[in-house]
Structure formats: C-alpha cells, structure tokens
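A.B. asks: Quick one: structure below, then a few questions.
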Amino acid sequence: MTTKYIFVTGGVVSSLGKGIAAASLAAILEARGLDVTIMKLDPYINVDPGTMSPTQHGEVFVTEDGAETDLDLGHYERFIRTKMTRRNNFTTGRIYADVLRKERRGDYLGATIQVIPHITNAIKERVIAGAEGHQVAIVEVGGTVGDIESLPFLEAIRQLAAEVGRNSAMFMHLTLVPYLAAAGELKTKPTQHSVKELLSIGIQPDVLICRSDRTIPANERAKIGLFCNVPERAVISMKDVDSIYKIPALLKSQNLDSYFTERFGLECKEADLSEWEQVVFEEANSTAEVTIGMVGKYVSLPDAYKSVNEALKHGGLKTRLSVTIKYIDSQDIETRGFELLEGLDAILVPGGFGERGVEGKILAAQYARENKIPYLGICLGMQVAMIEFARNVAGMTGAHSSEFKKDCAYPVVGLITEWVDDEGNVETRTEKSDLGGTMRLGSQLCHLVEDSKVRQMYGSPTIYERHRHRYEVNNKLLPQIEAAGLKVTGLSADKKLVEIIEIPDHPWFVAAQFHPEFTSTPRDGHALFAGFVKAAGEYQKRNLK
C-alpha cells in the first residue's frame with residue numbers, strides 16, 4: 001500500500017488553526033472509509049513539551065503509549081478514530097538528539113554532520129515511520145512559514161514529496177485573508193506574500209485554506225488562485241464559526257475532500273458526516289445551562305486545560321446541557337476565600353504541578369464537600385481532595401503531600417517509587433530521576449469497585465485511562481482516611497495504587513488519579529464527564545426549588 005501524504009503549513013500569522021483544519025480534513029477522509037493518521041512536527045528545541053510551562057505552550061496531551069505531546073494531538077483524536085502514539089509528534093530537539101546520539105556512536109563513519117542531508121533525512125525517516133500502515137498521512141508542520149526554526153522541516157517535506165511523486169503528495173497551506181473595515185474589503189496581499197515565501201524554498205501549495213472572519217467571495221478566491229498559481233476550486237474559504245465541530249461540514253461543502261481523492265486517484269465512498277451533524281445538533285439544542293468552576297493555577301491561558309474544556313463540552317452534549325466554564329485562579333481563593341466559589345453548579349480541580357496555589361485547590365475541595373456541590377478532581381485534583389478530607393474529616397491535622405512539604409505530619413500523598421503497568425512490567429523511580437519523561441505515563445488498567453458511582457457510570461469492571469503523575473496516595477495512611485468515610489473505588493492493575501476515590505454520603509464527589517479528558521470525544525463523550533455535568537444540572541434544579 002502506497003501512503004498518500006498531505007503536508008499542512010501555515011503563513012502570515014500563527015494560531016490560524018492548522019491543527020483544526022488538518023483534523024477536520026482527516027475526519028472527512030475517514031468518513032469516506034479511508035484509514036487516516038495525522039502527525040505534528042514541532043520546530044522547538046525541547047525534546048518534547050513535557051517540561052514546558054502550560055502558560056507558554058498550553059496543555060501537554062498524553063497518548064495511549066505514554067508520549068507527552070503537543071495539544072494538537074488532542075484535536076486529532078477528538079476528530080478521528082485513529083489513536084495517536086509517540087510516532088505522531090516529534091520536535092527539532094528530538095531529531096537533533098537522535099542524530100547526535102548516532103554521531104557519538106559512530107554511525108555516520110566520520111562524516112561531517114549537516115542539516116542537509118542528516119537532519120532532513122532523520123525527519124523524513126520519522127514521517128515515513130509514522131505514516132506506515134495508513135492510506136493517508138496528514139503532516140502538520142508547526143510554526144509559520146518564514147520562521148528560521150521551520151526551515152529544516154520544510155526542506156524535509158519538500159524532499160519527501162519529490163521522492164514519493166506528485167500522485168502521492170500534496171501541500172495544503174493556511175493563510176490569513178484579513179478584512180479591513182476602513183477600506184471595506186478583504187486583503188489578499190498577505191496570502192500572496194506567504195505563498196511567495198513558500199515558493200522560495202521550493203514548495204508550490206496545491207490547496208490554500210483562507211482564514212477570515214467572513215466568507216471569501218468567489219471573485220476574491222479567483223484572484224488568490226490566479227496570483228498563487230492554485231486552481232480556484234482549491235482555494236477554500238474557512239470563515240470563523242462558533243463551533244470547531246462545524247469545520248468538517250464547512251470544508252466538505254467546498255468539496256475539499258474530493259479534490260484530494262481525485263488527485264491521489266483514490267476510489268472511495270462519499271463522506272457520511274451524519275455523526276458530526278448530530279454533534280452540531282446536540283450543541284445547538286441544549287435544554288439548560290450549567291456553570292462549572294475550574295479551579296487551577298494556569299487559568300490565564302485556557303489552552304492549558306484544552307482537553308478538559310472540550311471534555312466538559314462533550315459531557316454537555318451527552319446530557320443536553322450547555323456548559324459555561326468559570327476559570328478561577330486557585331491563588332485568589334487563598335486570599336479572597338470561598339466567595340469566588342459561590343453560585344457555581346459544580347467544581348472541577350484539574351491537574352497541575354508545584355506548590356503555588358495548592359492551598360486554594362484544597363479549599364475548593366473543602367467547599368464542594370461541605371456544601372454538597374458536585375466535585376470532579378483530576379490528578380492533583382484527587383490528591384488535594386485526599387489532603388482536605390484527611391485534614392478536616394479524618395483528624396489528620398497537618399496532612400499534606402510530600403511533593404509540597406516533605407516533613408509534614410501526615411504525608412497522605414507521596415512519590416511513587418515502584419509500580420506495575422498493565423503489561424506486568426515493573427517501573428521504578430527515585431527523587432533523583434530526571435523530570436522529563438519519567439512520570440507514570442500512558443494508558444493503564446484500572447479495576448472498579450462494585451456498587452460505586454464510577455462502576456455504574458462506566459458500566460464495566462475494568463477500564464483503561466491515561467496517566468501523567470509522580471505522586472500517589474500513601475497506602476499506609478489509607479485505613480484511617482477510609483474509616484472516616486472516604487471510599488476507594490478504583491485500583492491499579494496490581495491493585496496497589498489508588499486510582500479513584502468517592503465520598504458516599506455526598507451527592508456526587510468523584511476524583512481520579514488519571515486524566516479522563518484525554519479519552520473524551522465529541523461523538524462518544526466520556527462517562528465521568530457526562531456524569532459530572534448531569535450532576536451539575538441536578539444540583540442546579542435542587543437549588544432552584
């Protein structure tokens with residue numbers, strides 16, 4: 001099977017939505033019965049985004065096989081059924097690390113190591129490996145054309161396209177077509193210059209996706225096609241929409257998928273977008289609105305919680321409730337108290353690292369428990385719930401996590417030094433281990449306890465969910481906490497690590513060590529988020545009576 005490649009680049013400005021465009025195109029091609037995968041090539045020097053600040057880079061998305069990757073891979077998994085792996089995302093740093101390791105080993109037999117051919121060859125090898133076994137591979141190059149960091153990647157995809165031939169490779173370029181209110185017209189010159197920049201490095205785009213706040217009329221698209229040497233039918237207008245899940249239908253209405261399948265000579269059925277039509281229908285036809293408070297430390301950049309944001313929306317789709325997220329900085333709770341939490345229908349505390357703001361998260365868990373407000377804790381959100389319960393219910397004054405206070409009286413959360421993954425392999429860590437890539441990562445088996453909320457929601461005795469953490473509940477102190485009324489309802493593969501906790505005498509208080517947001521999709525939703533949003537709606541109804 002010959003894989004067909006679609007290379008996606010962006011020009012004029014950053015944040016044009018290359019990831020959404022790539023994922024939407026993939027969704028249409030998948031709906032035509034094609035086996036599609038998507039890759040993201042990131043030009044930064046970090047080996048992976050695992051140690052990057054969420055307020056700079058946004059969320060770190062974790063794949064099933066435990067790779068810490070770009071948040072765009074989350075978009076990919078939400079739009080197509082193909083599961084991403086560590087082969088779907090790599091960086092300049094990863095490429096250079098691989099090449100330098102080979103050089104030190106003597107693999108290059110004394111050759112002078114250069115960007116061309118050694119770095120570009122390494123990029124091509126990884127792209128080919130990631131595309132293996134798929135009919136279509138969509139390859140998104142991060143950054144903006146013209147950035148110095150992107151040049152090796154652009155050169156590599158130029159070479160690869162030449163090697164596989166015109167019938168197996170196409171280039172799709174996203175640009176901005178701004179509307180100038182003073183002139184009362186759309187301006188195409190930035191797009192022309194962006195394409196000129198691409199041409200200067202040997203790439204002629206086959207398709208232009210033109211981003212704008214309005215539909216670009218046919219005469220303007222014809223003008224863009226003429227000056228950029230692209231057929232008019234391949235100049236696609238992608239206007240701003242109120243939901244990203246409308247993009248597949250928007251692109252399909254302009255026959256973008258047919259343009260690719262015709263060029264590639266692929267015979268396949270017409271795209272059935274009924275599942276996406278259902279998503280859009282559910283989104284537009286909610287019966288009520290709930291407000292969920294997200295208490296975190298990275299709230300200045302909502303993209304730091306991208307998958308959580310989307311999972312809450314998916315929970316709303318499955319319960320016919322519109323979800324409004326109120327972002328609350330946990331540090332503000334420390335200074336202003338519970339007033340910031342008033343009027344919420346539910347409280348969610350997501351994952352995070354470091355001591356800053358942790359006491360505010362503990363207060364949020366306390367407020368939710370004492371006021372019977374639905375609470376969902378994720379990763380650190382479970383740990384702070386344990387700390388709060390230990391302090392205020394189990395009588396363990398001074399309880400904390402050893403991550404934040406090593407000499408605390410009751411270290412109810414501590415470093416995981418050893419665990420068994422779902423395949424039976426023993427993983428070990430110490431406090432001296434590197435920060436990058438050393439956490440408990442990826443999909444892990446979890447046993448659910450009978451007669452628990454989570455067992456009822458999932459409808460299965462075992463589940464697989466993705467993890468990203470170094471710290472876990474201290475089992476030595478667990479009996480005292482459980483005796484006070486908290487219940488452990490989820491356990492790891494070897495049944496030694498606490499994965500889920502509940503408070504039985506609370507209407508809905510559930511916290512998980514794993515990250516359920518990474519497996520939520522708009523078409524299928526997720527059991528935990530659907531249950532959480534439903535509980536928020538029920539809480540709202542109780543308070544309106």
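Even glycines carry a Cβ here, placed using N, Cα and C.
Pasting the relevant annotations from Swiss-Prot:
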- C379: active site, nucleophile (ACT_SITE)
- H515: active site (ACT_SITE)
- E517: active site (ACT_SITE)
- S14, D147, I148, E149, K187, T188, K189, P190, T191, Q192, K223: CTP binding site (BINDING)
- S15, L16, G17, K18, G19, I20, D72, K239, D240, V241: ATP binding site (BINDING)
- G352, L380, G381, M382, Q383, E403, R470: L-glutamine binding site (BINDING)
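Give me the local environment of each listed feature.
C.D. replies: In the three-state DSSP scheme, C379 (active site, nucleophile) is classed as coil. Annotation for C379 (active site, nucleophile): spatial neighbours P350, G351, G352, R468, H469, A512, Q513, F514, H515, criterion Cβ-Cβ under 8 Å with sequence separation of six or more.
DSSP assigns E517 (active site) to a helix in the three-state reduction.
The number of other Cβ atoms within 10 Å of the Cβ belonging to K189 (CTP binding site), over all protein chains shown, comes to 11. Under DSSP, K189 (CTP binding site) is assigned to a helix (H, G or I) in the three-state scheme.
Cβ contacts within 10 Å of D72 (ATP binding site), excluding its own Cβ and spanning all protein chains shown: 24.
The Cβ of L380 (L-glutamine binding site) lies under 8 Å from the Cβ of V349, P350, G351, G352, F353, V358, K361, H469, each of which sits 6+ residues away along the same chain.
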A.B. asks: Measuring Cα to Cα, how far is E403 (L-glutamine binding site) from E517 (active site) in Å?
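C.D. replies: With distance taken Cα to Cα, E517 (active site) is 24 Å from E403 (L-glutamine binding site).
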A.B. asks: Consider the recorded positions K187, T191, Q383, E517 and say which one has the Cα lying nearest the Cα of D72 (ATP binding site).
C.D. replies: E517
A.B. asks: May I ask for the distance between G19 (ATP binding site) and E517 (active site), taken between their Cα atoms and rounded to an integer number of Å?
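C.D. replies: E517 (active site) has its Cα 18 Å from the Cα of G19 (ATP binding site).
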A.B. asks: Given the recorded L-glutamine site (G352, L380, G381, M382, Q383, E403, R470), which additional residues of the same chain have their Cβ within 8 Å of the Cβ centre, ordered by sequence?
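C.D. replies: Going along the sequence, the neighbours come out as G351, F353, C379, V384, S401, V413, H469, Y471.
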A.B. asks: Can you give me the Cα-Cα distance between T191 (CTP binding site) and S15 (ATP binding site) in Å, rounded to a whole number?
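C.D. replies: It is 15 Å, counting Cα to Cα.
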A.B. asks: Just to verify a number: CA distance, M382 (L-glutamine binding site) to K187 (CTP binding site), in angstrom, no decimals.
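C.D. replies: M382 (L-glutamine binding site) and K187 (CTP binding site) have their Cα atoms 51 Å apart.
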